[in-house]
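So the structure is just underneath, and the comments pick up after that.
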Amino acid sequence: MQPHEAKDLWDSIEKVIDNRDLAAFTPDEFVDLALEVTPLLPSGLRRQVIEYRRYAPDGDVVLLRGLLPEGVTLPATATAPWMPPVGEAQGAALLLTSVTVMLGEPFNYASLYDGRIVQNMVPVRKMEFTQTSQSSTGMLDWHCEDSFRDDRCDYAGLLCLRGDPSGASMYAQVKDVQLAPDLMATLREPRFHVRPDPAHVLPGDTPMRPLAIISGSESAPEIAYDTHHLEPIDAADEDAAEALRQLGIGLDEVAISHVMEQGDLLLFDNKRVVHARTPFTARFDGTDRWLMRTMICGSALTFRRWGQRIPA
């Protein structure tokens with residue numbers, strides 16, 4: 001987006017917000033407000049996002065840049081994923097949702113970060129080495145969002161409010177991974193199961209979900225993956241364990257890294273892409289790395305079956 005476009009858009013967003021506190025909006029009201037902003041987006045940006053949804057001509061990931069205006073005054077970095085946006089961060093949350101709603105319906109689970117439609121990907125004290133978006137000092141390894149659920153999001157969007165030169169976002173497209181046919185065949189069998197994501201607040205008896213890691217056609221394969229929470233159902237299944245190990249190596253070999261800067265928006269297909277983040281040092285002084293995330297259900301039928309924007 002050109003600087004003058006970002007400035008004009010931001011001015012329009014402020015008029016749409018009209019000094020209201022978006023934290024008081026219900027999830028549906030917030031998305032409805034974002035839909036008022038979508039027609040105000042530059043036509044070139046709208047066209048790019050719609051073409052990505054329909055054809056993915058440049059792959060399963062798209063990077064949009066310059067969405068926030070130069071000199072925007074943001075509040076201190078949020079201190080928890082579930083904190084509602086305040087000040088100028090309200091405009092950023094609305095902007096993110098106005099773009100991602102072109103891919104489908106923004107949603108969240110009741111079990112994740114208080115069911116917030118827009119979540120903060122920020123470092124949190126005592127969580128530095130966890131395999132969650134609250135980590136910092138430790139590597140956040142390869143994963144798809146919520147592989148333990150069969151209704152996981154189709155797309156996710158990450159908008160950078162503050163970057164960190166050490167905290168690079170990484171992604172890998174499963175279609176780029178080259179594995180021997182026998183390994184790929186093993187990964188297509190339901191010989192694995194995945195533990196629930198620890199970021200979710202769930203009953204202690206939530207079962208592990210059995211699944212095949214790779215599915216779909218050979219030309220457009222899909223993946224359900226989590227480095228730390230996925231394992232063979234049978235601990236003695238050496239072929240499954242080796243296929244899983246080789247997949248991890250293959251993902252590393254095709255990885256692409258990008259250091260997110262303010263105004264960058266990364267959109268990715270959560271069924272065909274895994275992502276990760278390199279370590280960085282959190283200062284906890286209000287200036288730490290800050291991304292906002294939305295998750296998108298790309299199927300109108302699935303969304304209607306849920307009957308709500310924040311399913312259990």
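Glycine is no exception: its Cβ is also placed from the backbone N, Cα and C atoms.
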Residue in HIS4, HIS275 which TrEMBL records at the Fe cation site where HIS143, GLU145 also bind: HIS275
Listed in sequence order, residues with CB under 8 A of HIS143 (Fe cation binding site) and six or more positions away: GLN131, TYR225, ASP226, THR227, HIS228, HIS229, VAL274, HIS275, ALA276
DSSP state at HIS143 (Fe cation binding site), helix/strand/coil: strand
Which same-chain residues, if any, lie at least 6 apart from GLU145 (Fe cation binding site) yet have Cβ under 8 Å of it: ARG152, CYS153, ALA156, ASN270, MET295
Other CB atoms, at most 10 A from the CB of HIS275 (Fe cation binding site): 21
Additional residues surrounding Fe cation, by Cβ distance to the HIS143, GLU145, HIS275 centre under 8 Å: TRP142, CYS144, ALA156, ASP226, ASN270, VAL273, VAL274, ALA276
